[in-house]
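Some features that TrEMBL has for this protein:
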DOMAIN    56-314  domain 'EML-like first beta-propeller'
REPEAT    107-150  repeat 'WD'
REPEAT    412-443  repeat 'WD'
REPEAT    456-489  repeat 'WD'
REPEAT    540-581  repeat 'WD'
REPEAT    582-614  repeat 'WD'
Amino acid sequence: MATATPEEGEAGRLELRAAIGFNGHVPSGLICHPDNKHLLYPLGCTVVIQDLASKKQTFLHGHTNNVSCVVVSSSGNYVASGQVTFMGFKADIILWDFQKKELLARLSLHKGKIEGLAFSPNDLYLVSLGGRDDGSVVVWNISQREAVCGSPAAARSAGAVTVVQCSACRDEMFVTAGCETIRVWELDLPNRKLRPTDCQVGQLRRVVTSLKITDDDSYFYAGTSTGDILKVNTKNKLMTEYGPQKKFSLGITALLLLKTGDVIIGTGEGTVALCKGSSYKVIKSFQVQGDVTSLTRRGHGHQFFVGTKACQIYRVNFTAFKEELITTCHSDAVNDIVFPFGTSDLFATCSKDDIRVWHTPENRELLRIVIPNMTCYAIEFMRDGKSIISGWNDGKIRAFLPESGREMYVINNAHSMGVRAIAATSDCRRIISGGGKGQVRVWAIGEKTYKLEGVLKEHTSAVSCIKIKKNDKECATASLDGTCIIWDIGRFTRKQMILANTLFKCVCYHPEEYQLITSGTDRKIAYWEVYDGSAIRDFEGSLSGSINGMDITSDGAYFVTGGDDHLVKMWDYNEGTVTHIGVGHSGNITRLKICPGKKYIVSVSADGAILLWKYPGCP
């Protein structure tokens with residue numbers, strides 16, 4: 001996390017209103033709390049606790065890097081989460097108090113990554129598994145917050161260990177499994193030793209991807225990447241059966257045991273199936289989008305939740321066995337965010353494969369426009385609200401209807417090396433686009449027709465941002481070549497050129513349009529005269545990393561910035577000081593906007609998260 005400069009020490013905190021996002025790549029990351037009222041899931045370096053009834057979110061902040069595993073104790077009092085870190089550094093495990101939502105202890109021994117965590121049934125111990133570069137298993141005493149003992153997780157001949165599961169009745173027993181290794185461990189507390197026993201699975205060679213132990217500890221089930229299930233006796237450590245004959249495609253990635261002895265499985269293909277008996281015959285199944293990474297049951301299993309790699313959460317009623325989509329978000333970096341003119345109830349974001357329109361009061365997705373295998377770099381709502389225009393990496397400008405998402409028109413070959421920035425005039429008759437090679441083009445737009453009006457060739461590198469003056473007669477374009485140019489778009493000539501030793505990422509007109517503010521990779525926020533392009537002043541906008549996004553309020557009193565330091569900062573325009581700071585992102589912030597009614601600030605980041613902040617002073 002970036003440290004604050006002296007002036008920022010006095011700055012207020014921006015209140016996080018909601019986060020749209022879920023990291024579906026974390027195995028078993030989605031957990032239904034034992035009180036049946038809350039869902040927990042990781043998002044970047046935070047753990048989100050969401051109330052199922054009211055949809056209200058609380059956030060556990062504390063990790064310095066992405067969360068790699070989350071687990072809740074069976075009593076529901078404790079939450080533990082592990083993170084990834086850089087090679088050779090210690091990765092922390094954080095123990096949280098669920099009721100108070102506060103940090104109890106940081107446990108650090110493992111290096112590189114925490115692969116798996118498990119609580120013992122009576123909240124006495126926490127078992128942690130280090131990643132591939134660490135390769136050890138450690139037992140922690142929860143009440144004393146210290147390590148009891150540790151041991152290498154697998155024999156030298158075996159592969160990496162990736163899953164750990166504690167016994168359902170005894171605190172001293174747990175199971176680990178991974179690439180061609182399944183072990184049952186006993187904790188010998190008086191001698192502070194761990195005693196492993198390897199399980200015999202005969203001639204089978206399997207990579208175990210998921211583990212579940214029955215409630216009476218007699219057996220445990222292991223799902224494999226081959227697509228079958230092994231059932232192992234816990235007492236004599238022998239495999240009793242495996243199946244089915246016809247294996248599940250792309251492996252079993254999640255397991256859920258039911259009281260009846262049946263198993264619900266999730267596969268890498270996105271199938272969720274209910275399997276019965278020793279032959280694991282499929283009784284019912286349905287398909288979800290993306291690989292299934294989490295299955296978690298609510299109560300005794302009358303309802304369960306499915307989390308997938310496409311970052312979607314489904315709620316499933318067990319008797320009907322039908323899926324209902326409850327949470328969606330981007331699974332890739334979000335490149336842009338825009339509000340329609342004059343309304344704060346909707347906004348649109350764009351990413352790889354799609355554009356999504358969101359409803360702000362409920363934080364839910366209203367519309368998804370999918371163009372597979374393409375990346376959308378920039379979007380804009382036309383002022384009249386009749387279309388959404390977007391720039392893509394295949395060099396096309398595509399326009400869509402905002403209600404249905406149907407394509408209106410496509411401008412082919414608008415730019416070589418992708419359309420990087422786009423803006424529309426307020427009379428909705430022209431579009432100005434910026435390309436990956438630095439060309440700025442002006443298009444005249446009719447009902448269903450378009451025509452290239454002019455090409456402005458000055459920039460030598462990608463155009464990163466375009467802003468148009470209110471009178472539609474001039475525009476400012478920022479580019480990665482270190483120039484910011486003010487153009488006359490009536491006569492297609494250059495008016496002013498601003499030069500700085502930086503890659504410009506963003507530019508904003510002050511609402512009275514006599515000044516410009518710019519920022520970029522040199523971390524400085526600079527004020528310029530529009531009239532002659534002279535510098536007025538500049539100051540440090542961030543201590544680490546470039547500034548990627550900027551937006552100014554409609555009265556010009558404040559502006560917000562965000563960038564690679566993961567902080568949202570609100571500045572007083574005249575003073576040039578930070579008034580508020582928002583901490584919550586764990587990826588680089590790519591863009592941010594103040595909504596038209598000054599109710600929220602919405603920021604989007606490279607880890608796919610969309611965060612909504614309460615605008616300071618808004619009721």
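Yeah, the Cβs are placed from backbone N, Cα and C, and that goes for glycine too.
A TrEMBL annotation is a machine prediction, not a hand-curated record.
Sorting each residue of the repeat 'WD' (107-150) by its DSSP state yields 0 helix, 29 strand, 15 coil. Taking Cβ pairs closer than 8 Å, the repeat 'WD' (582-614) reaches residues 1, 13-21, 23, 43-46, 59, 61, 63, 65-66, 311, 329-339, 341-344, 347, 349, 351, 358, 360, 363, 545, 548-554, 560-564, 566-570 in its own chain, all 6 or more past its ends. Secondary structure by DSSP for the repeat 'WD' (456-489): 0 helix, 20 strand, 14 coil.
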